[in-house]
Amino acid sequence: RRVCAAALENRAATYTESHVQPVYQPYLTTCQGHRLCSTYRTIYRVAYRQAYRRLPQPAASCCPGWSRANSHALSCDRALCWVPCQNGGTCTFPGRCACPPGWTGRACQTDVDECAGQSHGCHQLCVNTAGSYRCACRDGFTLAADDKACQPLVPAPGPETISQAGPPSEMKEEMKDLKSRVEALEQKLQLVLAPFHNLMPSAPEDVGADPISRLSHSLQQLDRIDSLSEQISFLEERLETCKC
């Protein structure tokens, strides 16, 4: 395949040949006078050796842009690219590369902008990267498990959020203390106002020694009662909110 010229060439070929090889072994024998003499004997064994001879073999010349994968192959199956393929591309045709996903060009040197079309599948934002892309979300959203969809962020509970189990025990104790203080102030107010129940304009001499001071003190007690009552009302509203 893709061979533009073929001819026979004489090339050196190797082969294995066998031959008989003599081996001389020394041994001892008995000579005249019953003496020991040293001599040799010859044995033969088969040996092997590499031989060379020139044989005519076919030789192929590849067409331009093609080469042989190895020196022993007759077909020319390997394409040649004058510009090396980049980014993982492979040369599949003379001067042309087969590019992996995300790259294009004759030498796979150009990045494909996957975000330019609608095939990326991102629900909100698409960010192009070298040879690929990734999905992103706008503020207030986070990427879902499929790395394409966006889901709204769940706000974290605030520090003032009260659990559904009910109001804390400190609030109950504070409300109980305020109620007891209001009751004590009401009792003091009744004792202070007792001398003024029989006060008449025609008999000013029946008033105590310092009625102005007592009246001023009574008004102060009323202010304190009003303030504590407002605090109790506020706490009761918070309790009602916690129960909902």
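Keep in mind that glycine also has a Cβ here, set from the backbone N, Cα and C atoms.
Residues annotated as domain 'EMI' in TrEMBL: 1-78.
Remote same-chain residues near the domain 'EGF-like' (77-109) are listed as 1-2, 64-69, 130-132 (criterion: CB distance under 8 Å, separation of at least six residues from the stretch ends). Annotation comment: TrEMBL describes 77-109 (among others) as domain 'EGF-like'.
Sequence-distant neighbours of CYS81 (disulfide bond) (same chain, 6+ apart, CB under 8 A from its CB) are CYS91, PRO94, GLY95, ARG96, CYS97, ALA107. Here TrEMBL flags CYS81-CYS91 (among others) as disulfide bond.
Marked as disulfide bond by TrEMBL: CYS99-CYS108 (among others). Sequence-distant contacts of CYS108 (disulfide bond), defined by Cβ-Cβ distance under 8 angstroms and a gap of at least six in the same chain, are CYS85, GLN86, ASN87, GLY88, GLY89, CYS97, CYS99, PRO100.
Per TrEMBL, domain 'EGF-like' is recorded for 111-151 (among others). Here the domain 'EGF-like' (111-151) returns a mean pLDDT of 91 for the predicted model.
Of all the disulfide-bonded residues listed here (CYS91, CYS99), it is CYS91 whose C-beta has the fewest other C-beta atoms within 10 angstroms. Below 8 angstroms of C-beta separation, residues 87, 100-104 of the same chain, each at least six residues beyond the ends of the domain 'EGF-like' (111-151), sit close to that stretch.
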